[in-house]
Every structure is written in C-alpha cells, then in structure tokens.
C-alpha cells in the first residue's frame, strides 16, 4: 500500500456463502494466498496500549498500523499504515519515548526498544475487489479479504483506502452498504485474529489489554486494535 494512505475498514464473521455472494455482486477474486504474520511489542504491550500494531509479514516486510484522526468509528476503524522502515522506526521511538536510535532498519531497533514476539500465526486468505453499483467506476474499488488462521478462527474485512480525512465519510458509507449486501448484521462486531490469538494462547496479555481498555469497549484490535489487524 502506498505510504500515507488511510485505511478505513470493518471486520465481520464470514459464512459459507460469502464468496458466492461476492461473485453475485460482481466481485473479482484477486488471489488466494497463505502467509505468516508475526507481531511484536514490549512485555507490557506498550504499543498495543497506545493502539499501535507492529507486524512482520513473511516475504512482505514490516508494517505499523497507527490510529487515524478519528480512530475507532463504531463498528469501523480508521488507521494509517506505515511501511517505510525509517518512518516505522521514527514512530516507534516516538511512542516508546526513545531517542538517539536513528532511522535504520526495524530489526535493528527491536532489542534496544525492548520489542519481542508476542504472536505468530499462518493465515489462508482470499482477496476480492469490487465496485458498488451506482458508484463511479473510476472510484477506488472496495477490498474484501476473507481469512482463516491456522488456529481455526475466520474473519472477513471490508476495506477502503483514501488519501485524506475528508474522504472518510464517503468510504464509510460504501463499507456500510457492502456489509449490508453481504448480510452482515448492522451491530455485528468481529475481533481481529490477533485479539483472538491472545485470548486463546496468551490470556495474560489479553487480560492486560482488557484492563487498559476497561473504560472503553472490549479491545477489538484496530486487525489489527485489526479491529485493525488483518
């Protein structure tokens, strides 16, 4: 994804007929892929507590998701995705209050920043794109990702990418429309894979996030929190 774009997304629980419905709506299957994501944080989960999500995708590289200006929007979330390593390092140092580490590779600052692996799992994903009927064919297409993690949890994501905050409301309206067409209940919430992983395999970390967010809603990740994490 191009640096600096804003990701607006909603997670949902896909059913056995979701792919067929996407085809009926004119969706195009872009690809099917299998990949491993590894997430990093401090022992205190300082990044997650600050709504920042650092991961390394196998054969793809590093990504840091940071909250957009609006942050969590009901059942939707808005995040900026950083993929340039010097930019990621600068943001990590800012969030963790570290100075003097320069702007080098992410791997080189993991130890100095006290970052360690907190989760790692494999996902099988199908990626779809489509343009809603009644919208400008030249507008950016909506993305729908359907993923199943190797620990058995499946989650879908409807996503739009925009360049500036002023475009977010229109993107949200499209996400609402497509979610409804896919049969997603208006009030449905779906945790990101990372959150379910922590709940099942790192319950102490999950409980820490619950405590931090006790005055807010249950941590939904952004995915990321997914709801930020893919």
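Cβ atoms are placed via backbone N, Cα and C, with glycine included.
Among the features that Swiss-Prot reports, Mg(2+) binding site is placed at 7, 9, 145, 157, 159. Following the DSSP three-state reduction, the secondary structure of residue 157 (Mg(2+) binding site) is strand.
Marked as substrate binding site by Swiss-Prot: 11, 55, 57, 65, 125, 157, 193.
If you look up Swiss-Prot, you'll see 5-201 marked as domain 'CYTH', on the strength of sequence analysis.
Look at Swiss-Prot and you will find 2 tagged as N-acetylalanine, backed by similarity to another entry.
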Segment confidence, the domain 'CYTH' (5-201), expressed as mean pLDDT: 90
